[in-house]
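Asker: Got a structure for you, written out below as structure tokens; questions coming shortly.
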Amino acid sequence: MSIDPHVFVIFGATGDLTKRKLIPALFHLMQNEDIAERCHVLGTARSDWSDDKFRSVAKEALRNADFDEADIDAWCDQRLFYQSLGEDGADFEALQHRIEDIEEQFDLPQNRAFYLSLPPRTYGPTIKQLGEQGLSESDGWTRVVIEKPFGQDLESAKELNDTVHAAFREDQVFRIDHYLGKETVQNLLVFRFANAMFESLWNRDRIERVEITVSENLGVGDRASYYDSSGHVRDMLQNHITQLLSLVTMEPPAAMEGDEIRQEKVKALRAVMPPSPEDVVFGQYSEGEVGGERVPAYTDEPDVPDDSDTETFVALRLEIANWRWRGVPFYIRSGKRLDKKRTQIAVVFQRAPIALFQPGGEPCIPEEAGCSAEPNVLLITLQPNEGFDLRFEVKSPETNSGDMQLDTQHLSFSYRDAFGPIPDAYTTLLRDVITGDQTLFVRSDEVEASWRLYTPLLDADLPVHDYPAGSWGPDETFELLPSWVDGDLRDDGRR
Ligand SMILES: NC(=O)C1=CN([C@@H]2O[C@H](COP(=O)(O)OP(=O)(O)OC[C@H]3O[C@@H](n4cnc5c(N)ncnc54)[C@H](OP(=O)(O)O)[C@@H]3O)[C@@H](O)[C@H]2O)C=CC1
Ligand SMILES: O=C1O[C@H](COP(=O)(O)O)[C@@H](O)[C@H](O)[C@H]1O
């Protein structure tokens with residue numbers, strides 16, 4: 001798809017996301033797709049920065065991200081601009097003039113992307129101002145990109161959708177979820193719908209349970225002012241993890257097109273039953289050890305109140321009331337300061353009806369105590385070693401009938417071994433914004449379907465259990481499911 005000349009306006013251009021992700025992604029696109037002539041970036045924020053200041057921060061960010069030195073200075077000096085922006089109409093009028101000046105100077109058509117990399121409470125007012133100033137329409141295309149979190153609960157998400165729709169048509173709106181830009185997340189669709197072998201097993205007749213683990217070993221870092229008022233349900237579960245859930249559970253779309261895919265994702269989400277409180281575990285990390293280092297408790301992190309009861313961990317069990325999934329439990333666990341950084345989906349298949357290979361030789365029924373029978377497991381690893389791993393049983397050499405022993409082996413595929421390094425999610429997603437492809441962005445009804453599931457939990461005042469940093473969460477997680485699939489087997493990328 002071709003890239004039209006345009007102005008890419010970043011609201012929140014002095015912030016962390018702009019520096020760490022947006023500027024590197026735009027630069028990467030410029031280098032790989034040679035879009036320099038076609039993409040002019042106008043940064044805005046309240047800070048009284050100049051073009052030069054914005055450029056020097058961008059240059060430093062690109063050098064820190066290890067980009068090839070050659071093009072950095074020229075790109076930043078020729079293509080980056082900055083305009084400070086307050087909150088009233090006059091400021092937005094000045095912004096409009098600045099955009100028009102750039103378009104005139106470089107002879108650009110009126111194609112504009114507005115990226116809201118702002119504190120979430122300012123999304124609504126900023127969108128209103130764009131609408132009121134007539135910046136939501138132009139002679140070319142106009143698109144608005146909205147960062148997560150989209151709302152704080154169902155009601156606020158609906159209000160924000162109303163505000164957005166008062167200014168923009170849905171086909172102009174790109175609600176970003178960076179997990180959807182990850183290569184392996186997209187590959188879930190290919191894996192499911194290009195490999196008929198797995199798709200025919202992908203249902204309640206063959207699958208015993210599905211586990212989704214999204215763990216981080218890092219703590220809250222310097223983001224407490226945002227995170228403490230959000231918590232893990234809003235930060236990870238409502239968006240990234242729910243996207244994974246819908247990609248695993250959706251029906252095949254009629255075509256691989258944006259709205260067809262999003263339609264199926266919404267249908268899948270609508271069939272998920274809101275979890276009951278007894279199927280949910282909230283946790284918060286206490287002091288512990290991660291990667292051999294002592295780390296503080298959440299409440300001792302900078303800017304976290306001593307008495308904070310914000311959840312930094314959530315585990316839950318979900319059921320899906322549809323023909324494909326009825327009766328198959330979906331277990332999710334995710335948190336900060338866990339043992340390892342890992343994003344994995346484990347599909348646990350039903351075991352053989354009778355376990356024939358037992359010590360002593362007597363067959364038994366897998367569900368009965370004392371009977372040992374391993375299920376086949378398909379492990380889809382999204383981070384850190386992207387790939388697939390199918391576990392199956394083989395005969396241990398030199399053990400014989402009567403005392404035959406089994407061993408679990410693996411069929412593995414590693415993305416990196418096959419294709420080398422994979423692009424950053426933001427590069428993929430910014431390219432889609434510029435080319436107008438909404439497939440990997442979240443639709444308004446999708447956001448609301450997701451909030452419908454979790455808003456009752458946020459209102460329920462659930463107990464928050466302690467877990468030591470470096471563990472796998474509170475003990476109650478193992479009451480929910482005693483035998484979570486051990487993902488360590490993929491840590492070397494191949495076993
Ligand atoms: N950082 C990350 O890794 C990720 C961030 N996000 C999302 O991206 C967005 C930005 O995050 P991040 O860059 O980390 O946040 P920062 O706090 O680092 O930056 C916020 C930016 O918004 C501007 N800003 C702050 N307050 C206002 C205001 N009242 N009106 C207008 N502008 C304001 C700030 O500049 P100034 O003070 O000069 O106005 C700054 O440029 C958030 O929605 C966050 O949830 C999503 C995923 C990951
Ligand atoms: O959006 C967010 O995601 C990151 C985790 O992203 P990943 O790509 O590193 O898995 C998380 O740390 C952060 O709290 C959250 O806001």
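Glycine is treated like the rest: Cβ placed from N, Cα and C.
TrEMBL: automatically predicted annotations, no manual curation.
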Asker: Of Asp153, Asp162, Asp235, Asp309, which one shares the substrate site with His178, Lys182, Glu216, Lys336, Lys341 in TrEMBL?
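Answerer: So, going by the record in TrEMBL, that would be Asp235.
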Asker: Anything from the binding-site residues Thr14, Asp16, Thr18, Arg46, Asp235 with its Cβ under 6 A from ligand 2? List those in sequence order.
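Answerer: Among Thr14, Asp16, Thr18, Arg46, Asp235, near ligand 2: Asp235.
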Asker: In Å, how long is the longest CA to CA span across His178, Lys182, Glu216, Asp235, Lys336, Lys341, which the record gives as the substrate binders?
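Answerer: Site span for substrate, by Cα atoms: 20 Å.
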Asker: Should Thr14 (NADP(+) binding site) be counted as helix, strand, or coil on the basis of DSSP?
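Answerer: Reduced to three states, the DSSP call for Thr14 (NADP(+) binding site) is coil.
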Asker: Do any of the recorded positions Asp16, Arg46, Asp235, His240 touch ligand 1, in the sense that the CB is under 6 Å from one of its atoms?
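Answerer: Result: Asp16, Arg46.
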Asker: In the structure shown, which of the binding-site residues Asp16, Glu216, Asp235 has the fewest other Cβ atoms within 10 Å?
Answerer: Asp16
Asker: Would you mind pulling the DSSP three-state label for His178 (substrate binding site)?
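Answerer: In the DSSP reduction, His178 (substrate binding site) maps to helix.
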